[in-house]
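Worksheet: one structure, shown below.
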Amino acid sequence: MANGFKFTLAQQKAIEDTGKNILVAASAGSGKTRVLVERVINKIKQGVSIDELLVVTFTEAAAKEMKERIQIALRKELSTADSEEEKRRYLTQLSKLNVANISTLHAFCLQIIKQYYYVINLDPMFRMLTEDTEVALLQENVWDDLREKWYSKKSPEFENLVINFSSDRNDDGLSELVMKTYQFANANPNPEEWLNNLVNEYELGDQPLMESNFYQNKIKPNILDQIQLAKDNLKQGMDEANKIGLEKLYQTFEQDCVTIDELQDFVVGCKEWNNLKTTLQNFKFKRAKSDRGLDDDQKKQKERINKTLRDGSKKIIEDLSVKYFALPEDEIKELTQKSKQIVETLSEVVKEFGVEFSKEKRRRHVLDFSDLEHLTL
């Protein structure tokens, strides 16, 4: 309990649990900051020093508020301390609060880089690119030069990439694709590895399609996600039918959930493309339970629930057949191989853009926020 506030069981676990990663999800105003402050105080009571902790916030204002709340909590502990040893501990922590790592992630990274710039051979006189417009202009300049370089190569692979992502008037689509792919890659600890994995996901080799990375990592998870979405609709249908007392409709949705579970299990274990194709194309729910003697309002409710949830679930499964099984396996493998070549070229272009963009930033003695994250790592 803090300042008369009684924590819930879940909050108490978030305060006290140790030795594992903890993810706390809660709505605005539910006491997340209070819980985090209490967790920090709890750590200090166990002998951890405030300057041994890293507390990261989204904004500088939140970091300032966090420090203030921890300061208030420490002063409260100091005022109620029973022994001189406890008083000294809290006084020490209060004196260390100003140098504690309570900040935004980028502020922490910047501190580390300024302290150890020589380890990564970085000019300590660098300037931060804090304006999105300035970053975008610099990226555009680098991309313009790199794009001309690729055009001058007259590479068939690059020309194919351009054809697939450009219009007959300009190549803005390609530029947008390169920038977005660069951003996605850079959001990972190892951008080059992420780009390599992107290409590897399209690898088929001589194996059957369903044994390939492409099916296992892309198609299968998407199919299962859509089936789960259909199942969620059916469960919602059960809930709504139950609330308004439509017993037969409830039984229909319950029966449909069993059918969709069977489909889900089949997809997980299926090893043969044509079997999967046939099963999805022929998929049907069992006949709905007959529900007589309903009044007009119940009939309208039943029709609404059926249309939005049951028919919606059917449509999800039908769309899977159209999306993934409109072509024979051989043609899908051929298209996937062509896609791999395009992704491979895109990966090469994005990697080179990353290298050239980094060179230009070094030349200008500037860093962006993404640099802070990667250089800290």
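Just so you know, glycine gets a Cβ as well, placed from its N, Cα and C.
Taken from TrEMBL as is:
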type    : residues                                               : note
DOMAIN  : 5-377                                                  : domain 'UvrD-like helicase ATP-binding'
BINDING : ALA26, SER27, ALA28, GLY29, SER30, GLY31, LYS32, THR33 : ATP binding site
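Mean predicted confidence for the domain 'UvrD-like helicase ATP-binding' (5-377): the pLDDT average there is 91. Within 10 Å of the Cβ of SER27 (ATP binding site) there are 7 other Cβ atoms, across all protein chains.
Counting Cβ atoms from all protein chains shown, SER30 (ATP binding site) has 13 others lying within 10 Å of its own Cβ.
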